[in-house]
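**Q** The structure that follows is given in the form of structure tokens.
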Amino acid sequence: MLKNPFNNNSLINKYQSLINQINTLEDELKTLTDSELRATSFKLKKQYAESKNLESLIPKSFALTREASLRTLGLRHFDVQLIGGLVLNDKKIAEMKTGEGKTLVATLPAYLNALTEKGVHIVTVNDYLANRDQVSMGQIYRFLGLNTGLIQDGMPNFDRRENYKADITYVTNYEVTFDFLRDNMALNLKDVVLRPFNYCIIDEVDSILIDEAQTPLIISNNIQTPIEKYIVAAEITDYLELNTHYKVDEKNKNVILTEDGSKQIEQILSVQDLYDPRDPWIPYIINALKANALYFNNVHYIVQNNRIIIVDEFTGRIMADRRWGDGLHQAIEAKEKLPIRQKTETVAAITYQNFFLLYPKLSGMTGTGKTAETEFEKIYNLSVEQIPTERPTQRKDLPDLIYKDQFSKWNAVAQNCNQIAKIGQPILVGTTTVEKSEMLAQLLSEYKLSYQILNAKPENVRRESEIVAQAGKKGSITIATNMAGRGTDIILGGNINFKIQKKLYDILTLVKNFKRSKKENIFSSSLLSQFEGSSQKFLSVLVSLSNDQKFLKLSDLDILKILRENDCISIPITSYQCSIRYLIDELITYNKKHQEQENQIVKNLGGLYIIGTERNDSRRVDNQLRGRCGRQGDPGTSRFFLSLDDNLLRLFGGSKIQNFMQTQIPDDSPLESEFITKSLDSAQERVEERAYQQRKNLFDYDDVLNKQRNIVYHERRNILESISVQKNIFAYGEQIITELLIELKEDKSCNIEATNLIENLFGRNLVLNYIKTSSLSISNLDLSELKIYLFNEFWLTYQSKITELSIYGEGIIENLERSIILINTDRIWREHLQKMTLLREAVGWRGYGQRNPLYEYKQDAFYMFETREELLRHLVIYDLLRSSIL
């Protein structure tokens, strides 16, 4: 019976029968050879092909995956990890604590669902994690006869398509979403890279589906931008005073111009009305004020290579490809006196909320999902299950220490670091911004303490994995902006893999570069110290590498890449890769005992000591930081240092907190107040509820556009995949004629000449057999006869165009027709997106008239979509009948 350290009886009882079946199969599979295991895997795939029933395959597929993992990686899935895999397969979110092996757990449902041959996507938050997991976990899948794919930034279309064809593909949320948008802009089927969606497992699911839910993924084109207005608006802000000319709403990230402010600006600009629709200044002024009052360098963005780079508030990482919309990004560029880049218009867009709902089967993993369970259930229909830990948690979460102001708090943090550092206990300090991480670094320098800093600055980002991996070493101090999505585990005593990587990199580059110098023997006395304690075989392998011409041609960067990506570990191909594989194994064996000693020393010191320097808006982010210590039953401690003027309390703490701040409290003494602790918890809950309502509101509005998008993309894909679109052309033309005749029937006063009517309809003059007199009025004709006549004339005109174009070669006509429909579909959709954006802004004002903005939005959006379809028909027929190859 499975032990229950988490007291989650209902979950264990639900899956106990399956766990027992999997464990029973384990002994049977252990007796099989590698080839017999692979043959069993092929039998499972055949069973599914015949029965189309995955449920019956769960026990054997999970047992197979467990055995394959043990044979390839030396890692055996614990029973609690089997539960995690079963939860994921049931289309749920598995909440697993840090270090409990989420990456390994995902292999269980991934292998099972890959048996359908419909593809599985494992989505991670960055390229590094996607590459790392594909290389390591891919060994399990390949052992069982499956292939894996990997999508990385900058990969060409051909490679993307091939990797998406794999049984299991590792990809970032960013890449797969943009591939979806690009696929739905393709003019040729060979440019489409994705196949139909099947099953998706999202790692750090709360980061993607909640924290980034409000950020749409956009493909855009540059449009003309009044750069001088941004520059002038930025200069005007120097002449405006806070609370006199404008007010700042920090909660809603907005600024409000006062009447005095409007007059002051109108006087400076010598204009009568800032809101004049013919020459509006107000959006530029508001954005300039926002840029000055609400967005700060080294907090919300950094300046790099004369560009504004956004910093993700949840992960602390830079988002080089993201830009703020509605002119805000240009306003910040003007504020920082940087070159102002062009504004853009949206060509295609989708939110993560709607994108991931396209998967028929969706699940996710996170260390912190339970606090957001309501949102997961209501928007994504995903429940959250807390997976028991393999070992009881030993982490101690100490009470918050609350200081009067920022100055006192940061001094206390530095003093605490100094005290803990004296005993050698490793420390990880979490900060919320680049600016604060660098300020703390200066304070620690005054204590002459050594530290590593990890924030959005490029020089620090490059060393992210190494910094995080070594944060558990004795005596280390690591300062990091938010820890979400930093996939490397913090191992007490340091991460042996990174130690070996660094040592082996030094050895290999020394061997390669020394050989090139040709001055002396590689193992002369001056270099012998580099290999002290190594075995004779280890030294022999180094000698063979020093004579391997392929190895000697590698650059230092090539060697680093091989070691980082572990290419040589997974599938050694060349002789030098086999040699490096041996060296790694040898160094692991040699260093393992020392690593175990270091690990025990740090455990005896109390494990990793976590310091939080501010409560975040979300409890999940705080828990992500705390969760960095106490992994796999290790000891650890966490404590938050707070001040009464932290943003959370200042903006959302309420009037009682404001009054509390006025009392006489010693600057250097922390407060222990149950009232303040409850106020903090209450403030976080209010902010979370507020954020949830904003995301829910966005989802409700975006759902309208999403339904329209699905229709357009479905119709577009049908056109793209059609051998011939002649039926569509006929349908468009006949629908145009039918709509016109309905209009004529309703409007008896119409007096249009037949020749003009046809020319307007089809973009050309026709030979009129039915109507002998060009001056004959439509009103004098029988509409049913006219309908037959116009249908015939349209068909004749179409056939005439086909004959005209057929001389240019086979397939030309089909490609032209398809391209005309696709190009006009994209053009009208692009214009529709702009109109929908304007409509979204406009309906908000209707609420002041006691009208429901969402209802108004739906009604107007429906009408706009109907007119879009009508316009498409007219443009396609007009362009086709007027088209010419030359």
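Cβ atoms are placed via backbone N, Cα and C, with glycine included.
Below are the features listed in Swiss-Prot for this protein:
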BINDING   Gln81, Gly99, Glu100, Gly101, Lys102, Thr103, Asp489  ATP binding site
**Q** For Gln81 (ATP binding site), what is the secondary structure state per DSSP, taken as helix, strand or coil?
**A** helix
**Q** Far apart in sequence but close in space: which same-chain residues, 6 or more away, have a Cβ under 8 Å from Gln81 (ATP binding site)?
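**A** Listed in sequence order: Glu100, Gly101, Leu104, Val105, Leu108, Ile387, Glu390.
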**Q** With the ATP site defined by Gln81, Gly99, Glu100, Gly101, Lys102, Thr103, Asp489, which remaining residues of that chain have Cβ atoms positioned within 8 Å of the Cβ centroid?
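**A** So the extra residues in range turn out to be Met96, Thr98, Leu104, Val105.
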**Q** Using a Cβ-Cβ cut-off under 8 angstroms and a sequence gap of six or more, which residues of the chain neighbour Lys102 (ATP binding site)?
**A** Gly84, Ala94, Met96, Asp203, Met365, Gly367
**Q** Listed ATP-binding residues Gln81, Gly99, Glu100, Gly101, Lys102, Thr103, Asp489 - what's their greatest C-alpha to C-alpha distance in Å?
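**A** If we measure all Cα pairs in Gln81, Gly99, Glu100, Gly101, Lys102, Thr103, Asp489, the largest is 17 Å.
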**Q** Quick one, of the binding-site residues Gly99, Gly101, which Cβ has the fewest other Cβ within 10 Å?
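**A** If we count Cβ atoms within 10 Å for the binding-site residues Gly99, Gly101, the smallest count is at Gly101.
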**Q** Under a criterion of Cβ-Cβ distance under 8 Å and sequence separation of at least 6, what residues of the same chain contact Asp489 (ATP binding site)?
**A** Thr98, Gly99, Ala469, Asn495, Arg631
